[in-house]
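Visitor: Dropping a structure here in structure tokens format, bear with me for questions.
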Amino acid sequence: MSADSPHTATSTTSPGAEYADTASAAYRAALQVVESVEPRIAAATRKELADQRASLKLIASENYASPAVLLTMGTWLSDKYAEGTIGHRFYAGCQNVDTVESIAAEHARELFGSPHAYVQPHSGIDANLVAYWAILATRVEAPGLADAGAKHVNDLSEADWEKLRNKLGNQRLLGMSLDAGGHLTHGFRPNISGKMFHQRSYGTDPDTGFIDYGAVAAAAREFKPLVIVAGYSAYPRRVNFATMREIADEVGATLMVDMAHFAGLVAGKVFTGDEDPVPHAHVTTTTTHKSLRGPRGGLILCQPEYADAVDKGCPMVLGGPLSHVMAAKAVALAEARQPAFQAYAQRVADNAQALADGFLKRDAQLVTGGTDNHIVLLDVTSFGLTGRQAESALLDAGVVTNRNAIPADPNGAWYTSGIRLGSPALTTRGFGPDEFDRVAELMIDVLTNTAPEGSSKAKYSLADGTAERVNAAAAELLAANPLYPGLEL
Ligand code: PLP
């Protein structure tokens, strides 16, 4: 295990090992209480820890939050309703929630160098919905009200309201396409974002797999969107946000960056300058639970002109804030401000590189030919498999991944031709480049020993002994890098 694992005694990022005995006692007591009411829930909770400890987790969007973050969520802060914002609540008695929310927002502003932070969104999708609403409110509703000489939509005549509603519903959004690595909420037509806006997508260069900024600029000039969305779920490369902002400025668009996947690399100062979205975007959204290693949740950072509208997220878009989760966000953000988190983030990037190199030297195909973030997108067509078959065979061998479309995927979004891999979770366990190289070797072992069955895109067979061999090798790697060392239930 490496020295910067958050659960080692030497770590200052997430001091799990320092307080492992106390955390063990807390969890044992908590589970005993749960057991006395619904034993099946206590059993499933214990089993989840055992399963997480026993699997080689390569899901790019998952991580392991520290016991401090997890414990923070199990309190009576959960019981308080606190619609509104700090100091302006629709309920009485929110002084402690105000304290919690202020601390979380302060950590977020300081960590990311942003003038404003809103920590209430319950998830990444919720953060994006609030951001879209805030952009529409700032760019369309406010000038519409001013034109009509009104302060509030309730003051508008029916005719003026109808005019404004038509305007709000007729704006344009340009985002990264799903098969190039964008997220559903970046304008995918079946998603609410593709229905709120007239949408158009940009993809990646068919030859290199990289974003073609010239093509993005041409699409923006032609389409003239109100919003350009940058950010991704499955793109294994860095993005130049300064260039994206230039494109947005040229066409008068608001640049929104969804850094849900790579927020940990921004927080850890791996992505700086043009690769740090926060100074370039008007609005930046994120999840807090992926590479950032916090509780499940969302977060919005924005320039001052969007702050009022963003702060109206609850109750205009969101339900009441989850105060216990905001508290856990504060703890996670405090951890991310420690120097050990920067070392962690750098290792996430180095380990992804080692994983990619491990595949390339064994002649596997990677989308874009490699990685320079935390994601590796493996093209499994050269193994004669679909993503679905590869994902299932890997799971049989104890390797947890998810299938993912690749650009212009011949197998579509359900069966796919890719496997998306990420380094954040195993890096938290203490894996280094040697272990990630070994992971690539084990995965190649599985994939070369998997054959499709007939013409099915789902059925497959694994050569005898493969699952046992790889499971045993994975167990060795996991035993050497335990999850939550010292934590005993
Ligand atoms: N944005 C991006 C880029 C994502 O990858 C994801 C989740 O995978 C989300 C938003 C949605 O996050 P959540 O599941 O917390 O709503």
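A Cβ is built for glycine as well, from the same backbone N, Cα and C atoms used for every other residue.
For reference, TrEMBL lists these features for the protein:
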| type | residues | note |
| --- | --- | --- |
| BINDING | Leu178, Gly182, His183, Leu184 | (6S)-5,6,7,8-tetrahydrofolate binding site |
| DOMAIN | 35-146 | domain 'Serine hydroxymethyltransferase-like' |
| DOMAIN | 171-442 | domain 'Serine hydroxymethyltransferase-like' |
| MOD_RES | Lys290 | N6-(pyridoxal phosphate)lysine |
| SITE | His289 | site 'Plays an important role in substrate specificity' |
Visitor: What other residues of this chain sit with their CB within 8 A of the center of the CB atoms of Leu178, Gly182, His183, Leu184, the recorded (6S)-5,6,7,8-tetrahydrofolate site?
Guide: Gly175, Met176, Ser177, Gly181, Thr185, His186, Gly187, Phe188, Asn191, Ser233
Visitor: To the nearest Å, how far is the Cα of His289 (site 'Plays an important role in substrate specificity') from the Cα of His183 ((6S)-5,6,7,8-tetrahydrofolate binding site)?
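Guide: So the Cα of His183 ((6S)-5,6,7,8-tetrahydrofolate binding site) lies 16 Å away from that of His289 (site 'Plays an important role in substrate specificity').
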Visitor: Taking every residue in the domain 'Serine hydroxymethyltransferase-like' (35-146), what is their average pLDDT?
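Guide: The answer is 97, the mean pLDDT of the model over that range.
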Visitor: Could you tell me which of these binding-site residues, Leu178, Leu184, has the greatest number of Cβ atoms within 10 Å of its own Cβ?
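Guide: Counting Cβ neighbours within 10 Å, the top one is Leu178.
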Visitor: Output, ordered by sequence, the same-chain residues six or more apart from the residue listed as 'N6-(pyridoxal phosphate)lysine' with a CB under 8 Å from its CB, or 'none'.
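Guide: Correct list: Ala60, Ser61, Glu62, Asn63, Ala260, His261, Ala263, Gly264, Pro424.
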Visitor: Quick one: give me the count of other CB atoms within 10 A of the CB of His183 ((6S)-5,6,7,8-tetrahydrofolate binding site).
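Guide: Counting Cβ neighbours of His183 ((6S)-5,6,7,8-tetrahydrofolate binding site) within 10 Å gives 23.
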Visitor: Run through the Cβ atoms and count how many others sit within 10 Å of the one on Gly182 ((6S)-5,6,7,8-tetrahydrofolate binding site).
Guide: 25
Visitor: Out of Leu178, Gly182, His183, Leu184, His289, Lys290, which recorded positions lie by ligand 1, with a C-beta less than 6 Å from some atom of it?
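Guide: His183, by Cβ distance under 6 Å.
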